[in-house]
Amino acid sequence: MANVVVVGAQWGDEGKGKIVDWLSEQADIVVRFQGGHNAGHTLVINGKTYKLALLPSGVLREHKLSVIGNGVVFDPAAFLDEVTKLRAQGVAVSPENLRVAENVTLILPLHRELDAHRESANAATAIGTTRRGIGPAYEDKVGRRAIRLMDLADLDTLPHKIDRLLAHHNALRRGLNLPEFDGKDILKELTALAPQLLPYAETVWRLLDIKRREGKRMLFEGAQGALLDVDHGTYPYVTSSNTVAAQAATGSGLGPGAVGYVLGLCKAYTTRVGQGPFPTEQDNEIGRKIGERGREFGTNTGRPRRCGWFDAVLVRQAVRTCGINGLALTKLDILDGFDSIEVCTGYKLDGKEIDHFPAGEGAQARVEPIYETIEGWKEPTASARSWADLPAQAIKYVRRIEELVGCPVALLSTSPEREDTILVQNPFEA
């Protein structure tokens, strides 16, 4: 029996929500370990659509414990709003089935405002953030001035922590010619939020250690994707946290040995939201066709995603940096009906062939994809639930991806419905 970490092997939006929900049936605990409410996902259960951003997908299943780990940045307003919406849909969410790390960093209104101001002021060099305060909150965490959830329980020290935070932020705001924040207003707001948030607070590392020793199965749910990792992604067009699988240990307080099997998710093609390099992007009719058929619009932002062919080089790189044991390949059905499909197998950089994506921003912009053409298929793969339901050419496509990225496919998803999943290897039993 292994614990399982689910991470994106591309730029996010790979369908992690559905796969995590599908796997959570076998898990006792579902843990979010990084990111914030900037990475939304949509789940369809019994014909009903649920949209999550901050909460673990496990909240949609009865008798499961969901945990938000210390590696997450936590927006109180977004949290309470999401809980309210889920309750309105009949989902039970309470401290009985949801725990939040007491040492989680809080996202405050000043973080959201700073994030938005930076993006607007630097339009020519904007990263393409969701303007939800994720980056500024992580900056304060690293700068050792963040307000954390447990601080709301100590009103004697909270004012001093707010003063320390504002010493930094008000200096920035003076430089940006923005009005300063008043610490008393922030204290009043946090004091009002405390009774609603503190019942969820937990010493998460201790809780998870106890559950691990009891033999409980844990599912660690990553947000975004490996190519958005602050160290291993397409820097600076990345998120502000580590998104690779190793962060599951750091972001939950467990040791690396507790991680277990790593399942990497990738689409049968490639998408990206916002700015940054995208070697296989198809800014043409093919890209538009993929986007329309795949309904490629951001869950949170509604922004259209950029679309392109499958990039085996980038996914292979994610397999290595995340230690991925098996892939969950999603949205194969979107490629139904194409006469031929292109797959990127390498790059040319300044006239030389290379087998990896370079780290430098300039080099990333100059790489040219090397494509292999694969015959398409006309028969539908949508809603397939076994290999026997798949066209022979679709199976060949999957097998070729396995060869190119050096990793087997463990799961194959053929629609947003959780039942439309072909199981090759159960990650919990690997």
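Cβ from N, Cα, C; glycine included.
As annotated by Swiss-Prot, GTP binding site applies to 12-18, 40-42, R305, 331-333, 413-415. Every protein chain considered, the tally of other Cβ atoms within 10 Å of the Cβ of R305 (substrate binding site) stands at 21. Under the three-state DSSP scheme, R305 (substrate binding site) falls in the coil class.
Its Cβ placed at the centre, G40 (Mg(2+) binding site) has 19 other Cβ atoms within 10 Å. Summarising the annotation, Swiss-Prot assigns Mg(2+) binding site to D13, G40.
The annotation IMP binding site is assigned in Swiss-Prot to D13, E14, G15, K16, N38, A39, G40, H41, T130, R144, Q224, T239, R303 on the grounds of sequence analysis. In the three-state DSSP reading, T130 (IMP binding site) counts as coil.
Residues annotated as active site, proton acceptor in Swiss-Prot: D13.
The active site, proton donor annotation in Swiss-Prot covers H41.
The substrate binding site annotation in Swiss-Prot covers T299, N300, T301, G302, R303, P304, R305 and is backed by sequence analysis. Note: P304 (substrate binding site) has non-local neighbours G291, E296, F297, G298, i.e. same-chain residues 6+ apart with C-beta under 8 A of its own C-beta.
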Cα proximity to G15 (GTP binding site), best match among binding-site residues T130, Q224, G302: Q224
Do me a favour and check the Cα-Cα span between T414 (GTP binding site) and D13 (Mg(2+) binding site); whole Å is fine. 15
Quick one: Cα separation, H41 (active site, proton donor) versus D13 (Mg(2+) binding site), in Å? 7
Same-chain residues at least 6 apart in sequence whose Cβ lies under 8 Å from G12 (GTP binding site): A39, A223, Q224, G225, L228, V273
Minimum Cα separation from T42 (GTP binding site), reported as the residue among binding-site residues D13, G302, R303, R305 that achieves it: D13
